[in-house]
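Student: I'd like to ask some things about the structure below.
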Amino acid sequence: MPAMVPGWNHGNITRSKAEELLSRAGKDGSFLVRASESIPRAYALCVLFRNCVYTYRILPNEDDKFTVQASEGVPMRFFTKLDQLIEFYKKENMGLVTHLQFPVPLEEEDAIDEPEEDTESVMSPPELPPRNIPVSGGPCEAKDLPLPTENPRAPEVTRLSLSETLFQRLQSMDTSGLPEEHLKAIQDYLSTQLMLDSDFLKTGSSNLPHLKKLTSLLCKELHGEVIRTLPSLESLQRLFDQQLSPGLRPRPQVPGEANPITMVAKLSQLTSLLSSIEDKVKALLHEGSESTNRRSLIPPVTFEVKSESLGIPQKMHLKVDVESGKLIIKKSRDGSEDKFYSHKKILQLIKSQKFLNKLVILVETEKEKILRKEYVFSDSKKREGFCQLLQQMKNKHSEQSEPDMITIFIGTWNMGNAPPPKKITSWFLSKGQGKTRDDSADYIPHDIYVIGTQEDPLGEKEWLEILRHSLQEVTSMTFKTVAIHTLWNIRIVVLAKPEHENRISHICTDNVKTGIANTLGNKGAVGVSFMFNGTSLGFVNSHLTSGSEKKLRRNQNYMNILRFLALGDKKLSPFNITHRFTHLFWLGDLNYRVELPTWEAEAIIQKIKQQQYSDLLAHDQLLLERKEQEVFLHFEEEEITFAPTYRFERLTRDKYAYTKQKATGMKYNLPSWCDRVLWKSYPLVHVVCQSYGSTSDIMTSDHSPVFATFEAGVTSQFVSKNGPGAVDSQGQIEFLACYATLKTKSQTKFYLELHSSCLESFVKSQEGENEEGDEGELVVRFGETLPKLKPIISDPEYLLDQHILISIKSSDSDESYGEGCIALRLETTESQLPIYTPLTHHGEMTGHFRGEIKLQTSEGKMREKLYDFVKTERDESSGMKCLKNLTSHDPMRQWEPAGRVPACGISSLNEIINPNYIGMGPFGQPLHGKSTLSPDQQLTAWSYDQLPKDSSLGPGRGEGPPTPPSQPPLSPKKFSSSTANRGSCPRVQETRPGDLGKVEALPQEDLPLTKPEMFENPLYGSVSPFPKLVPRKEQESPKMMRKEPPPCPDPGVSSPSIMLPKAQEVENVKGTSKQAPVPVFGPTPRIRSFTCSSSAEGRMPSGDKSQGKPKAPASSQAPVPVKRPVKPSRSEMSQQTTPIPAPRPPLPVKSPAVLQLQHSKGRDYRDNTELPHHGKHRQEESLLGRTAMQ
């Protein structure tokens, strides 16, 4: 019982919470006992001495006696109870660092108001889920009724008492629906015939003739209906049966006696027939669709677009035929085909980020020339629908046997204990408010559907049938059930395409109760995890505590779920679910509210009507708690652009019901975004949120369903190319000069555990050396003692997709003090590269891990992934939007997570390009001095947290720290492009400016590109194929940190390092301190260099919030070395005044076929907001033979 638990026994509190409580106590000898995190049934005794916490493990033996784990040679003492152990060690000099003196009591605030947690459900009977309790009384009910006791010894009185009891029960029932003759027959049976049947039983007979007579009378009409219905059903069955069964031929119906046995047989036959008919119709329809319609599940879709020819906009039509794998270009919708391109000839889709309806398509002609075609769609949704259809086409006709990308639908809905409407297909089509899918994508089925419900009144089979039927209606496909798991009325269902059935394995389900006293299942979470080929996926559906004032309780709910939900690989015991999965999706009714005074309810309603969501999101509890790193640490959420999903009046979406009369008074439920979808993925893996919104036409609940769809990168079950039995010993992973910084007061030694699926088993290191850090932190250095890791497969296609999980553990208790993740997708092999990951434990930030890594792989290269097919070019307008992936309100901009780092070039293998990674600089460091945002919008990296004090190494692979605002690059290196991610805000992608000659293609619309790497803005990097010269000062001190943020030039003002296209203009650059706007010369190629930040002079102070406007550099500043202009192509020779020869740089490793497409002039829309079809620039279709590029 709780009352008997000693005050010093804190149960399952975390280690960090124990340290906090002891530090708060502040007295030497303060102590508490908590459950061990590493050994079941064991405890940890925590003692404070000289501001350090010492932890002793209390172990049970086979006889359930307790002992404190001691060093070798120290005698062990056993105690039958914990109380006896504590009393013993209160004596001095018993072996502890100090004797136990001051027990730290339990915090009782949670227990005081815990029963009120679900008051709303308890006090609102209509909202309770219905129960299928039989109306007829059972034995328990009969015992509750008083029995007459006048003469208990008379047997006939006993029979009369039973009769009277049943009569009373019949009278208490609602019999208004019974026919009068049926009711009279039942009463007659109870009055006389019940006793006669009783006499039959006493004689040993098993028959109840009078009861049979009663049921025959009641079923008389039913018998006639069955006799009349059966022939019709048999005829219908034969109609759909392909092979006639002799047993089902029509036979003459002989009127039989309406007795119960006959009725049961007939009803059984009727039930069997109905089931058989349904199965046969389903089979017939399925076979018919397979043979006739299956190949046209996705019909051809035509898009009306605009294209320019000689500056004149022309209307065009793009027809996408997914099934035949063709993109058809027509001048009129119903006209003949002008030309078409097969899926193999469509090389790249490049989305403009400045103009969200503009798209560039790179296609290959029959003469092996690369053609760049630019189109403007009617809106951004049409462009997204077109891209999804093209991606589906590439995927459908891919020569790869296994997918490297899947799409996932996530849906969450609090059903309000009401059955759903008949039609819920808008939910699965992502239709309604917010970021929704275009109609053209309706026919594209997702690979996996995950549906989470709360307050779900239906049974599992009933709900599953509704879901499968709705998806069948939407996709014409029957989905396989992967898992279904229910806790109380919290449920999660996972469905997958039939073709993925053999790719899904290791399915695991679990639940955690967080309701009253953490025992009742009125609140909590359910989860499902599984492997999709080589990728681990996890899904959590939670229903957290309600009530605006119970924010801290919700935070605790989240922590409990995080800690105790057992999903995924059991070998990863040191890690919770945030590190066990490549992709983790968290959905549900999280119940976080808009925290505003109740008297502002009507003002909130008006802001919702005016769609001023950002004003309300500034007070959203979940966003504020995430900003403070209290919950969902390192999770991401798409920008919210839909109305609050709670609390509506039922059967309408036009009115919020924000008041509710309770027994305790008026309760306010201000409109809030209670229903959310968040996710967390390993570093350097592809994940893009394609839609996030709520439906508008499903109104049976006071919540609206919420949908989110994702592209997620997956890996295959890789088989080594060395063949069976071959020894793959070329690969090696080496960690060097690693150290961890921990936020702890514990006095103990630490070691590392390294886990990965690319290792045969986990690896344990030697103990590190402890040092005193800043602000009470502890620094643990591992130096050169870490073991070298031997991967099971060293092929780069496999190894570079892997991750290493790191856990730093105490040598005394084997408890983890922090966990992190390092990606092996390195820029180059055979070199030491910096690495970084934040360390977390039970959802709290506990420190950082830094060091260097050296990766050795076998020969090979990375193949192109499907998600590389769609890229996004960046321009300056995107900088102002890219902090909107959390919300659009200003308070969040200081905390916005950056995108994932791109996959970078591998000098000896192949270039790895992925547009959805964290911004990384040279050798994994942030791109210092090459900021893409203004100072107040500096993107942080993976960890989302404050800039660590020691940034000498810079972030490396994995969850990096915030990008320092200004540090010189080591050497020029190519930039990779960014892809569309989170709507208008892609993940920032910055790659190392290291190897000479590797440069990014210009994103100018007419300009042919090197593969899909699109950068047009000098803020983001060089777009010339020529190397960038680095100032001597930067070469001499590549790792010097500077506090000043880099300047962010105005669109019309060139940076000191912007190269002009002509020689005389270059001289002007050297002689001026304030640069004039860059002139745009017709078709003349415009050459750009990297934006330089070689010194701190002329830089704005770190606190400047000038939104990227630069200060003029000092006049004494040395001129920046300038790259030579590009030699124009032959098609442009006639338009240039003075050709300037220049030596060609080394060819990039990847896609040399389109290198020279960088040499033509494109349009520049940075200085105006005019759309491309307004006729200011020339047509940008240029052809260039591949042979000319060698």
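Glycine residues also receive a Cβ, built from the backbone N, Cα and C atoms like all the rest.
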Student: I'm validating the feature mapping. Which of 11-30, 111-130, 291-310 is tagged region 'Disordered' in Swiss-Prot?
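Tutor: Swiss-Prot lists region 'Disordered' for residues 111-130.
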Student: According to Swiss-Prot, region 'Interaction with DAB2' applies to one of these ranges: 444-458, 504-518, 609-623, 1014-1028. Which one is it?
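Tutor: Checking Swiss-Prot against the ranges 444-458, 504-518, 609-623, 1014-1028, the region 'Interaction with DAB2' one is 1014-1028.
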Student: What residue among S245, S573 has an entry for phosphoserine in Swiss-Prot?
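Tutor: Among S245, S573, the residue Swiss-Prot annotates as phosphoserine is S245.
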Student: Which one of 363-368, 729-734, 969-974, 1107-1112 shows up in Swiss-Prot as motif 'SH3-binding 2'?
Tutor: 969-974
Student: Choose the correct range: of 378-389, 534-545, 858-869, 1038-1049, which one does Swiss-Prot annotate as motif 'SH3-binding 3'? Give that range.
Tutor: 1038-1049
Student: May I ask you to name which of T963, T1084 Swiss-Prot has annotated as phosphothreonine?
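Tutor: When Swiss-Prot is consulted, phosphothreonine appears for T963.
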Student: Name the residue range among 322-325, 886-889, 914-917, 950-953 that Swiss-Prot annotates as motif 'NPXY motif 1'.
Tutor: 914-917
Student: Over the domain 'SH2' (8-104), what is the model's average pLDDT?
Tutor: 88
Student: How many helix, strand and coil residues does the domain 'SH2' (8-104) contain under DSSP?
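Tutor: Once the DSSP states are binned, the domain 'SH2' (8-104) shows 18 helix, 29 strand, 50 coil.
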